Amino acid sequence: MRKPIIAGNWKMHKTIAEALEFVEKIKAEVAGTDVETVICAPFTQLKDIKQAVKDTNIKVGAQNMHYEEKGAFTGEISAAMLKELMVDYVIIGHSERRQYFNETDETVNKKVKKALAYDITPIMCVGESLEEREAEKTKEIVKDQTMKGLEGLTNEQVSSLVIAYEPIWAIGTGKTASSQDANEVIAYIREVVKDMYSEEVSEEVRIQYGGSVKPSNVEEIMNESDIDGALVGGASLEASDFTALVNF
Ligand SMILES: O=C(CO)COP(=O)(O)O
């Protein structure tokens, strides 16, 4: 059985004080859940959040990292730096990073490998744009991104990571893919993983949906056969919404 995983992606929101206030509000509310609960926060908050959740089941993720070990990469953060903070997850290849920060399938692949080498679980994002969807290229795009992103990994590594299917047109727009559509694409990604690795790996890898997930639609999405979780932007910023998502 794949453990459900709800992850909040705060993007560029919250100060440390606001983050800690949020954590205090959700701690008790998510204490009894079997759902893996993850907060992906900006770098500046990670240390304090990790400290604040230390006696809870809440996991902490970063939103990006560099693939090199160290060096002259002004403004970047390495896997070792995240590991030092005991970060559990790292989002890799979010569409906003692909769009605004030149992230490519090749850098995504390098980052996935580096995160795994440091025992940080990657949440690797894939997803098509509106033009690509309208041109009926959704499957082609997600297949390409999945294959390139996961290239050269072991079965065990792929089984352990998380993939997030986030159609770009559904991010922050209020437009959600219908749960059936999202499930169909996610089942297809599972097929791609099966062809690349094995049936067992494809049954073990967890695949989330992301794009305008909110308390009112999370249950329907989570009830789909192939969707194991959600990667949530806007609705993860309010403690009451986030706890509702985790307790879907
Ligand atoms: O990009 C997302 C999560 O990574 C989705 O954002 P929204 O939930 O705000 O649409």
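Just so you know, glycine gets a Cβ as well, placed from its N, Cα and C.
Counting only residues at least six positions away in the same chain, the Cβ atoms of Asn9, Gln63, Asn64, Glu103, Cys125, Glu166 sit under 8 Å from the Cβ of His94 (active site, electrophile). The feature active site, electrophile is assigned by TrEMBL to His94.
In the three-state DSSP reading, Glu166 (active site, proton acceptor) counts as coil. Per TrEMBL, the feature active site, proton acceptor maps to Glu166.
Following the DSSP three-state reduction, the secondary structure of Gly233 (substrate binding site) is coil. Annotation comment: TrEMBL describes Asn9, Trp10, Lys11, Gly172, Ser212, Gly233, Gly234 as substrate binding site.
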Cβ-centroid neighbourhood (8 Å) of the substrate site, Asn9, Trp10, Lys11, Gly172, Ser212, Gly233, Gly234 excluded:
Ile171, Val232, Ala235, Ser236, Leu237
Sort out for me which one of Gly172, Gly233 has the most neighbouring CB atoms within 10 A, since those are the binding-site residues we care about.
Gly233
Tally every other Cβ atom lying within 10 Å of the Cβ atom of Trp10 (substrate binding site).
23
Count the Cβ atoms, other than its own, that fall within 10 Å of the Cβ of Asn9 (substrate binding site), considering every protein chain shown.
26
Could you list, ordered by sequence, which of these binding-site residues: Asn9, Lys11, Ser212, Gly234, have a Cβ under 6 Å from ligand 1?
Asn9, Ser212, Gly234
Diameter of the substrate binding set by C-alpha atoms, the set being Asn9, Trp10, Lys11, Gly172, Ser212, Gly233, Gly234, in angstrom:
14
